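Q: Here you go, one structure.
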Ligand SMILES: *[C@@H]1O[C@H](CO)[C@@H](O)[C@H](O)[C@H]1NC(C)=O
C-alpha cells in the first residue's frame, strides 16, 4: 500500500515539472484543420509572443497556398461567427474571416523552418490562440512556444490572465486568515486541555495544511505572474493540496463517525469508507495536476476532467455515509437507553453537520463552477473568492460545533431537560409516521 502511494506521489511530482504558463507544445504530422492552443484574458496592453521551430510540412510543392495555414487569435463569440460564415459558404478557411485576428500565416515562411512573431493586442477580451490548417492532406509538424501576457502600468509583464491577476493577493489573504485561526485553535486547545480529544489535534493539522496550501498557491501564482512559469512552487502547492485533500475528507469522515469524542474506535464499515476515500483522493489529485498542466486544449484533458469529477462525486457521497449511520445509531439509542436528552442533543448536532457538509459540497462544486462559467473573464477571481469563503465558513462551523468544551454539555443534563427531550423525541416519531 505504502509503496503504491509513493509511486503515485512521484508521478505527481514528475507531472508537475512541466508546469508553465508559457506553453510549449509539439505538433507531429497533424492534419487537424483546427488546433486550439491556449486561452488568455488580454487587457488593452496585451502581447502574444509566438516562437515556432522545426516546422516540417508533408507537402512542399510550391503551388500550395500557404495563406490557408497559420495562427490566429479569436474570442469565443467571434468563433461562433466564423463557424457561421463557413457554414454559409462565405469563406472556406477561418484564416480568411474578418472576425479573427491573424497572427502569422505560413505564406510568409518562405521555406524557413522557424519563425518568431510578436502580436500586440489592444482590444481587451479573452482570446484563444488557434492554429488553422485549411489544406486537405497537408500534415504539419512543429514545436510551438506561446507566451501571452499583459503589460502593467509600469511596463512590466504580467503573465496572469486579466481576471486572475489579483489571485496571488486573494490567496495570501486567505492563508493569513487560516494561520490566525490555527493560532486561535492552539490557544483553545491549551486552555481546554483537560477535555481535548484526538480529533482536535487532527483538526489543527487540517487547518495548518490548508493555510500552507493557500500560501503556496499564492506564491505559485505570483511567480507565474512575474515569470510565466511555475518553477518549484507548484510542486509544493500540489503536495499540500494532496495532504489537505486527504486530511479534510478523513476529518469529515472521522467527525461523522463521532470518533474520539463519542467513541474511541472505528467500526469496520467506517474504516472501509476511509479506505475508499483516501485512494480516490490520490486519483483526484493526479487528475487535478494533469488538468492544470495541460490546459483546456491539451490531449486527454476532457478524460482527466471527467475522472476528476467522477472521483470527486464518489468521495463527496462516501463521506456522508458515516454521518447518516451516526444519526441512525443515535436515534435508536435515544429510544432504548433512556438518556433521550443527551442523545437528542447529539442527534441535532449531527443533523446540522450533515446539512452543512452537503451545503459545503454543493457550494464548492456546483455554485463555484456555475459562477466560473457565467462570470466575465475579467471577474474570474470572484468564483475563487466565493469558493474560499464557503470553505472558510465550513471550517469555522466545524470548529465552533466540535471545539473542546470545559464542561461537556452532552453528558450533563437534569431531569427536567430529560423529560422535555423524551417528549420531543416522541413528537418527532409521530411526526415522521
Ligand atoms: C520568441 O520571439 C520573440 C520575438 O521575436 C523574441 O524576442 C524571443 O526571444 C523569442 N523567444 C525564444 C525563446 O526564442
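Just so it is clear, glycine is given a Cβ too, placed from its N, Cα and C backbone atoms.
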Q: Looking at 102-120, 121-139, 140-158, 197-215, I want to know which stretch TrEMBL calls transmembrane segment.
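A: So the range that TrEMBL calls transmembrane segment is 197-215.
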Q: I need to check the long-range neighbours of the transmembrane segment (303-325): which residues 6 or more away from its ends have a CB within less than 8 Å of a CB in the stretch?
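A: Hits for the transmembrane segment (303-325): 249, 252-253, 256-257, 269-270, 273, 276-277, 280-281, 283-284, 287-288, 290-291, 294, 350, 353-354, 357-358, 361, 365.
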Q: Sort out the residues at least 6 away from either end of the transmembrane segment (353-371), same chain, that have Cβ-Cβ distances under 8 Å to it, and list them.
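A: Long-range Cβ neighbours of the transmembrane segment (353-371): 252, 255-256, 312, 316, 319-320, 323-324, 327, 382-383, 386-387, 390-391, 393-394, 397-398, 401.
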Q: Average pLDDT across the domain 'CAND6/7 N-terminal' (26-150)?
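A: Averaged over the domain 'CAND6/7 N-terminal' (26-150), the predicted model reaches a pLDDT of 93.
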Q: With Cβ distances under 8 Å as the criterion, find the stretch in 170-190, 235-261, 377-397 that has the most pairs with the transmembrane segment (197-215).
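A: Of the candidates 170-190, 235-261, 377-397, 235-261 scores highest.
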